[in-house]
């Protein structure tokens with residue numbers, strides 16, 4: 001299946017490629033695995049296929065050694081991620097989401113993600129089907145939330161420009177729906193639909209074919225000046241261009257991605273390239289063209305080099321652009337001027353142009369759970385029972401109670417305050433900072449992130465206060481490994497797990513997310529990290545220029561050099577100032 005150059009043929013295909021080809025369009029032996037009660041696990045091959053259905057197999061790493069001593073298999077469970085385009089859901093849907101977390105997961109919590117959806121942790125294999133059917137009863141699903149397909153499409157939740165948000169969200173939803181896998185495997189296995197006879201790939205999967213994409217694919221729609229969706233970190237981004245408050249089209253960007261591997265310099269994070277302006281009505285033509293070029297040109301031999309960013313680097317910007325235009329049947333127009341600004345959320349009440357109010361709530365670590373003195377989950381449940389608008393999850397792991405009428409504000413605020421959802425002082429830095437889940441559930445984590453990050457941030461805030469600039473926000477992000485789920489390489493201060501208690505410290509990304517950071521210190525512990533930041537903060541306060549952000553400052557003084565072309569200079573050695 002190809003519209004142009006074919007899939008890599010010079011090297012042997014990866015194991016995953018054979019798995020997909022032989023899976024009967026993502027069915028594999030998942031059904032048999034579900035029916036096997038002797039283990040809480042799926043087979044090795046099915047563990048790859050279940051990702052396309054929206055979940056990963058995990059185990060509690062805190063208990064691994066104990067269970068091994070008891071001669072028990074690891075305590076297997078599953079993390080399921082929903083597909084919620086643009087992070088928008090109704091109060092009724094949220095009540096269903098909430099009930100599932102309380103009855104079918106051991107974590108008894110809901111985790112908001114950095115891609116505007118939610119995920120559950122601690123699901124046993126025997127509860128998977130019941131949980132997925134519960135989501136389905138609320139018109140929600142987990143199809144393509146993971147796997148080598150177009151994943152959850154992000155969209156700026158802009159609570160002010162409601163008309164523009166509505167138009168941008170329309171396209172985010174179109175992109176999400178249009179590029180869902182067409183296989184009936186999900187409905188058959190989880191919802192009990194009758195099995196349909198399968199035919200060849202072009203009929204079943206007209207865009208993907210039977211081998212789907214070489215790797216995950218991420219899309220986002222940004223509404224300037226906000227860049228909360230970190231549009232340049234996506235495989236494919238659409239930057240809204242408006243005239244007199246109406247959407248006219250997008251600047252298309254492509255080739256971003258955060259993941260890399262420690263010690264392997266052929267892997268690197270990368271920000272997307274600007275390709276030009278497209279009219280709104282051509283959005284799907286260009287999206288499909290980019291997907292198909294990646295399908296046919298992407299590396300299917302080495303999964304570490306399979307993302308679109310490596311495809312563009314390999315074939316070159318001009319060749320890639322020409323092929324996309326050829327397949328779309330439309331040329332790019334010159335990029336329109338837009339201003340890319342803040343990546344943070346606007347906390348508290350914001351009034352939109354439609355005179356409706358929107359309340360953005362800070363959710364530490366994106367973890368919605370009842371805590372001592374802060375029954376957050378109960379609070380959102382009570383709000384959902386009375387709210388007449390919708391809910392919006394943000395890419396900073398926060399939660400918006402959207403479209404609140406003036407007369408309903410007081411009741412919703414009272415519930416938010418009485419349940420600990422409002423009232424706590426959030427610094428500019430904490431409000432812009434995110435961490436991935438990491439230990440104990442993520443199999444890839446080398447160090448803590450979510451569990452440790454709040455305390456670490458408190459120590460950074462103390463340093464900011466010591467140096468007199470606590471009122472200024474710094475974008476800080478932490479991940480347990482270099483796969484980059486919390487987009488650490490686009491943070492002014494990035495911390496990437498190397499080993500338990502040890503992190504690589506990255507500096508120098510721009511505040512707006514238009515430049516990557518770079519390695520400053522490797523494999524260091526908390527005391528060393530804080531010592532380095534203490535010294536840099538002292539210099540920053542003494543030497544900064546008017547309006548200069550911390551990330552820009554670290555580049556100007558030579559603490560790190562600017563990343564201009566990630567393929568060439570992200571791993572370039574640098575003598576620190």
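Using N, Cα and C of the backbone, Cβ positions are placed for all residues, glycine too.
Of the listed candidates (155, 436), Swiss-Prot assigns 436 to the same [4Fe-4S] cluster site as 442, 481, 485. Taking the centroid of the Cβ atoms of 436, 442, 481, 485 as the [4Fe-4S] cluster site, the other same-chain residues with Cβ within 8 Å of it are 437, 438, 444, 445, 449, 479, 480, 483, 484, 486. Counting every protein chain shown, 27 other Cβ atoms lie within 10 Å of the Cβ of residue 436 ([4Fe-4S] cluster binding site). For residue 442 ([4Fe-4S] cluster binding site), the same-chain residues 6+ apart in sequence whose C-beta sits under 8 angstroms from its C-beta are 58, 436, 480, 481. The Cβ neighbour count for residue 485 ([4Fe-4S] cluster binding site), using a 10 Å radius over every protein chain in view, is 23.
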